[in-house]
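Annotated features, as they stand in Swiss-Prot:
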type	residues	note
ACT_SITE	Lys73	active site, proton donor
BINDING	Asp22, Lys44, 71-80, Thr131, Arg192, Gln201, 221-222	substrate binding site
Amino acid sequence: MTLTASSSSRAVTNSPVVVALDYHNRDDALSFVDKIDPRDCRLKVGKEMFTLFGPQFVRELQQRGFDIFLDLKFHDIPNTAAHAVAAAADLGVWMVNVHASGGARMMTAAREALVPFGKDAPLLIAVTVLTSMEASDLVDLGMTLSPADYAERLAALTQKCGLDGVVCSAQEAVRFKQVFGQEFKLVTPGIRPQGSEAGDQRRIMTPEQALSAGVDYMVIGRPVTQSVDPAQTLKAINASLQRSA
């Protein structure tokens with residue numbers, strides 16, 4: 001176990017904003033990152049960027065002071081998922097996720113893999129229903145539950161397995177906080193400031209609505225990364241959230 005970057009070496013942020021980095025070019029990504037302040041947000045690195053640029057890219061972001069949500073959505077046999085989660089913890093990321101549909105044994109193995117890391121372990125979050133999915137998509141998979149009901153079933157399994165929370169849509173947040181309690185973390189993509197295009201997300205909310213619904217961490221992508229002044233956009237979002245708190 002070799003932690004690459006301890007939490008004490010990074011900037012502390014109280015912002016619930018996690019900016020999704022979706023770049024094809026490493027230099028473009030770092031150019032954007034150098035325009036923003038790690039006190040204003042955390043960063044999400046997904047499958048495309050991690051596949052292109054690897055762990056070293058994560059380290060470069062950490063060296064700039066950012067906490068990293070490694071969004072790789074591990075979904076495999078329990079032993080493989082556990083080793084993958086431990087590797088993410090070795091990298092020193094702030095948060096990592098798995099697919100809840102991988103089942104109880106997989107999620108339990110992933111949680112147990114983080115025990116040796118103690119207080120340095122990342123938050124372990126499970127994905128319920130992707131925000132791009134609608135009821136018709138679930139029907140195609142042979143499921144008769146609505147996206148909301150299926151997400152709640154997976155969230156209940158996640159909590160039973162001892163994980164820290166789930167990725168869910170903002171529409172589910174109010175219900176989930178009531179059912180699973182305030183300590184169960186909710187991470188929500190599809191968050192877009194007023195006036196932003198919906199893009200490929202189907203179930204979206206503004207940051208203020210998400211905060212009111214009980215979302216703990218809100219993932220925002222293109223409204224920040226494609227802004228002409230991303231630093232100011234982040235400050236405006238955070239200011240609006242402080243006013244709404």
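The backbone N, Cα and C atoms fix where each Cβ goes, glycine too.
Known features from Swiss-Prot, placed on the structure.
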| residue | record | DSSP (3 states) |
| --- | --- | --- |
| Asp22 | substrate binding site | coil |
| Leu72 | substrate binding site | strand |
| Pro78 | substrate binding site | helix |
| Thr131 | substrate binding site | coil |
| Gly221 | substrate binding site | coil |
Intrachain C-beta neighbours of His75 (substrate binding site), sequence separation six or more, cut-off 8 angstroms: Ala81, Val98, His99, Ser101, Gly102, Met106
Candidate with sparsest Cβ neighbourhood (10 Å radius) among Asp22, Pro78, Gly221, the listed binding-site residues: Asp22
Candidate with the highest Cβ count within 10 Å, taken from the recorded positions Leu72, Lys73, Thr131: Thr131
